[in-house]
Ligand SMILES: CSCCC(=O)/C(O)=C/O
Ligand SMILES: [Fe+2]
Ligand code: NI
């Protein structure tokens, strides 16, 4: 189940909000310019599935999102728990960073946790299958796929170069909870 927890940045142990209600998640994220929607996935796919398989299964969704928002590139992040590169894949996004490009993702299998750091607050968004999230460019964030990653996310870009991560060098991410897979029922 998807979940949003909001923390004051000085109190990582004590969420000021904890909700699994999709409408509440969307409303809270809307206040900081983040779009969150829950879609009914049109296919069952497995973490680790190939990009070709995902493109074929979700072609209608992809075409619609691309047409609505003018994306120029689409790819797939797909990883299974037995992936030999899982540790490196996880480490890549664990520290606070931003992109000069909106971060637009559609989760079509499994789960992963985006944490956004905005105006003194920390928004921990556990994304699960069916979640569409669009995070504005320059939003400080980190992403934890957990020690045994299992997810497939379709990624939409206007300028793939803009997706390069700019790391802030802070330790904010280390102060907040890591993704705990058991909470992603
Ligand atoms: C959920 S897709 C993989 C993670 C990613 O693309 C990103 O930018 C994390 O910050
Ligand atoms: Fe990112
Ligand atoms: Ni849209």
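Just so it is clear, glycine is given a Cβ too, placed from its N, Cα and C backbone atoms.
TrEMBL labels come from automatic prediction, so no person has curated them.
Quick look at what TrEMBL annotates:
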- 97, 99, 103, 141: Fe(2+) binding site (BINDING)
- 97, 99, 103, 141: Ni(2+) binding site (BINDING)
- 96: site 'May play a role in metal incorporation in vivo' (SITE)
- 102: site 'May play a role in transmitting local conformational changes' (SITE)
- 105: site 'Important to generate the dianion' (SITE)
Query raised in the report: Distance between residue 141 (Fe(2+) binding site) and residue 96 (site 'May play a role in metal incorporation in vivo') at the Cα atoms, whole Å?
Result: 5
Query raised in the report: What is the interatomic distance between the Cα atoms of residue 99 (Fe(2+) binding site) and residue 105 (site 'Important to generate the dianion'), given in whole Å?
Result: 14
Query raised in the report: List, in sequence order, the same-chain residues at least six positions removed whose CB sits under 8 Å from that of residue 105 (site 'Important to generate the dianion')?
Result: 77, 127, 132, 133, 134, 153, 154, 155, 156
Query raised in the report: Out of 96, 102, 105, which recorded sites lie by ligand 1, with a C-beta less than 6 Å from some atom of it?
Result: 105
Report task. Reduce the DSSP letter at residue 96 (site 'May play a role in metal incorporation in vivo') to three states and note it down. Result -> coil
**Report entry** Close in space, distant in sequence - residue 102 (site 'May play a role in transmitting local conformational changes'), Cβ under 8 Å, 6 or more apart
**Finding:** 134, 135, 136, 137, 158
Query raised in the report: So which of 96, 102, 103, 105, listed as recorded positions, have a Cβ under 6 Å from an atom of ligand 2?
Result: 103
Report task. Would you mind checking how many other C-beta atoms are within 10 angstroms of the C-beta on residue 99 (Fe(2+) binding site)? Result -> 20
